[in-house]
Structures are given as structure tokens and as C-alpha cells.
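Novice: Among the features that TrEMBL reports, compositional bias 'Acidic residues' is placed at A:1-37. For A:1-45, A:149-294, the entry in TrEMBL reads region 'Disordered'. The feature compositional bias 'Basic and acidic residues' is assigned by TrEMBL to A:149-167, A:173-189, A:248-257. TrEMBL lists A:266-276 with the feature compositional bias 'Polar residues'.
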Amino acid sequence: MSFEDDFVEDDEMNMIDEDVASDSEAESLSDSDSENEITEKLAEPTKTAVYNRDGLLDKLQDISWPEDVDWTHKLTVEIEQGQAVDVNDDLAREMAFYTQALEGTRQAFEKLQEMGLPFLRPADYYAEMVKSDTHMEKVKSKLLYEKKQMEEAEERRKARDNKKMAKEVQSQKMKERAKQKKDEIESVKKWRKQRQQSGFSEKGAGELDLEFGNGKSFQRGGGKKRPGVSPGDRSGGKGKPTSRMNNKKREFRDSKFGHGGRKGLSKQNTAETTNDFKGGFRGGKAGGNKRQKR
Amino acid sequence: MGKKRKHSETESAAPPKKDDSAPERPKRTLLGWKDKTQDAEEPKPAPEFRNKEKVLVTCSRRISFRYRHLMLNIVSLLPHCKKDSKVEAKSSKGATLNELVELKGSSSCLFFECRKHKDLYMWMVKSPSGPSVKFLVNAVHTMEELKLTGNHLKGSRPLLTFSSNFDKDVHWKLLKEMLTQVFGIPKEHRKSKPYHDHVFAFSIVDDHIWFRNYQISVPHNEADKVARGGLDKMTLVEVGPRFCLNPIKIFGGSFGGPTLYENPFYVSPNQIRALEKRNKAGKFAKKIKAKTRKKMHEISNPLEPDEFADMWKDDE
């Protein structure tokens, strides 16, 4: 049996050590200990543990205050405990403590109210608090931060869901459109076959009505109007508006470096430009660079 | 000093309200110096009782930051305490600490002892002849943690709630009494504040004493009445600190004396660590054993020769 003795001793302190099994309680509370091998020990050590009940009672009598002391001195409340709480279940344990405190406060407040003593802090009573104001600021900022994180996460999730939905809807629409297109083509083909079969007779006009569009006028591209497509715009109207705004810059750069940008040769002094100290590309350089790749 | 009045004295003092009934000095009550005939009323049963509890809070050297903050938190929670400088390691024997307590004129002491920079032991001692308890402190969360968001007046008297299993056994009763006296602020202490806005919760779960400190927040208008239904809207916000006490031993004297109670379930953290190490040490040996076992097993049950073993040997 190992004997490890590290406490403040007096002569009568005997530590009982069992290396057979140690207590699950002690280990469940000490931070990093192993939970696997440790089992609860029961009967063995209790036999050798000192339990001097009379001595304890004596001491209790010694130190306790007189029996008839006013309750306001002690301010203690005893609360009935419900069922045994599992130590390792954090939430349940904290709930139990919380309910105990809550019950206790209720009872105490009722008593105090009967006695007519003030017990709640008025809103205008300012005094030193146990945590400083700066600390409470930190707490507040942390709470706000957490709330913001949660909200952002929510928003992100919602956006994701919306996108999914939108994607589905879009795919549906595409399918529909494709189907419609196919149908229309089919109908044209049918009409042509009909015409062929009927020998290209001149009458035909009445039979067209069924298939074509039901009064809808035919427009190329499905009739979608894209905003503000200028005739000089070669991107087909699909380009971003900003790209048109940066057009001038793009044009200038294209003319200077050729379409595709500057390749290399970033320092290019020609005979004429070596003596230009004023940042001479302000008008003279464009087109004057013979070495640039085109 | 904090000499507690014995029961005999109260009995003799109660009926006649004379000045000199008390041994120490002319009793001073709320209504002024005690005069002869004065109160017809007897509501204050022990009118001369004054809680003159003073707690001395110290720690040992080489205490780590978390435990030091815990000690400082406790100092801020108890206005009737006095914080003293660190005591030398060698002198954390009984006699020196007893002297220190007497010197400072306190009636009890909370001594935090940190060993190996890892384990915190707390001594709760009533001076001069009172019992003393040694606890192992676990699960420490200080007030500085940002998750504990409550706040309360510094020095306001707490309401103490104990779970009912403190009355189940004698040693718990003794501990309850000691906790009440140490953690309860004396009524008219000069540093105490008038309102009750926080509550301590001591519960015994799994043979440990768990401590929680909550701030009471109730919607109210007046200081001595709660709005109707207000009690139902009461919420508690945790202020901290939080810790869990594992009683190790109760002694009859202060910082020593005859052992009155030993916790049979207590295992010292050193032993736990030693056990862990031993288990880990056994792993390698077990592995070797498993290997040899496998070999023996293979030798004793040889495999049948595989018919397909040579199938691919010809095609190189």
C-alpha cells in the first residue's frame, strides 16, 4: 500500500489508502483524471474511518449561536431536495442548484415581507458593486458578440436555404421552358408534315392557329428585356454594368499593352522616354511603345 | 474577541435586562445603551447577541492564479473578513497559523493551501478552540469569467440556502453551522449594505458541498414589497464564484487536534494520479503479453496451407 502524505499533519492523521479502487466522485470532480478504470469504493474504507459523533455534537454545541437568535441574523433557508441529482449531468445539477436558490429566495422574501424589512435594492441606489463597471462592459460586449454570431449564423442558414429553393425553382422553370420549346418545335414539325401530306395546298392558314402561340407574338430570346443594352455593347447585354463604366480605362490599357494586359518587361525605357521625368504616359506614350507585344 | 456566548449566559441574561448581566461590557443594542426597565417587549430573544464574526483569509505561497483569484473573490464577498499576506510554506503547521489568527483578532479563518500548483485545499477553522475542517476544492470558476454575468452590491448580506440533506447527519450539521457563521455577514457590520440582492446556495450532491452565488433580479418598485406576482417573475443570474468542496477531515481543535471525522470516500489527488500512471504503465506490458499470446495461439493452431497461395507465383 503506498502511503502518500502531503497534508498539514498532526500526529493523529492517518490516511487510509486503497489502491484497489478509488472513488468515482473524487475523480469526476478533479479535472483530468481517468474515468475508465476508477470504480466506486464502498464498504472497505468506511470501517476504518473515524466518525466521532459525540465529539461532533459537542463541538456543534460549542460553536452554535444561541437557539433563540433572530432569524435575521442567520438568514438561512433550508430547501427540500427533490430526487438525487446525477453529478455528472451538468445541466440537471445546475438546474437543481438554481431551483434550490430560487425556492430559498422566495421563502426568505416572504418572511422579510412579513417583517416589513426592506430587502430589494431600489433603482436609484448606487453603491460599489462586487464586479467593476469595466468588467461588466466586457461581459456586455461578449454577450452582444455572441448574439451577433447567432444572428449571422441564422442569416447564413436562411440564405443557404433560400438559394436552394431558388435553385429548385429555377431548374423547374428551365425544364418548363425547355419543354415548351420542344413542344413548339414539335408542333411546327407536325404542321409541316401536315402540309406535306396535304400536298402544300393553299388553304392551311386556319390550321395553324392551334399550334402557334395562342395569340402570343413570337419574339427572339423569349421576349426578355434586358436593361439598357447599348448598340455598342458587344457583351450581349449580359455583362455587368460596371464593366462598361471601366471601359475607358480598359480601352486605354488595351491600347497600351495590347489586349490581355501587360505581359512582362515592366520597365521599358525607350530613347525618347528616358528623359521624360514627368510621368510621361499622359498622352505621349500610348502607341509609342514599339517593344510591347501586340 | 469573538468569544461566542455560551447557552448558560443567554439564559441568565434573558429575564433581567440589566447592564451587567453580560460578562464583557455594557450591552449596546439598537435602541442605545441598555437601561434598566426599558423594553416591555421581548421580541429580541437574546437582545445582547451580536454577531461579531471576523474571518481571516490567507493563502500559502506558490498559489496559482486561479486559486488566488478565487481567494480574492471570497474576500470581496465577505466584508467581515480580513485578508492577510501569504504564509510561508514551513509555517503552515498548526501553531503558527493559530498565533496569526489570535494576533489579528479574528474568530475564524479560511486558509487556502495550494499543493503542487494543482490541488487546492481549504481550511475552515473556528478560533480559538473551535473545530476545523479541511476541504479539497474542485471545479473552481472565479467571478472574472465572462459567462457569469450577474453582479450585486459589494457587502450586501446574502441569503443562505442549504439543501435539506445538511440535516441528515451530524457532520453535515456541523458543517452547515460553520458555513453559516463564516459566510453569513454579521447584521450590522459597518461594511455591510442594506439590501439582500444575492443568495448563496450550498448543496450536497454526491457527498460534496457545491457553492453557487446568484444575483436576485425581481421587477419591483418599493424596497420592501414585491409587486403582486413579482415573486414569480424572479430570476437568478449567476454571479460566481463557483466551487465544490470535498470534506477530508474534521478536527476538534483549530488546525489540528483529535480527528472527529474522516471522509471514507476521499481519495487524495495524488493517489488518483498515481493510479492513472500505473494503469498507463501497464499498457505496454499488456501489449507484449497480447503479442506473445497471439504467437502461441498461432503455433498451436497452424493454418491449413492455402491452395491458392502459389497461384500467382508463376506469372512474374
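Placement of Cβ uses the backbone N, Cα and C atoms for every residue, glycine included.
What does the local environment look like for each feature on the list?
Specialist: With DSSP classes pooled into helix, strand and coil, the tally for the compositional bias 'Basic and acidic residues' (A:173-189) is 17 helix, 0 strand, 0 coil.
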Novice: Taking a Cβ cut-off under 8 Å, which residues six or more beyond the ends of the compositional bias 'Basic and acidic residues' (A:149-167) line up next to it in the same chain?
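Specialist: None.
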Novice: When DSSP states are grouped into helix, strand and coil, how many residues of the compositional bias 'Polar residues' (A:266-276) land in each?
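Specialist: Residue counts for the compositional bias 'Polar residues' (A:266-276) by secondary structure: 3 helix, 0 strand, 8 coil.
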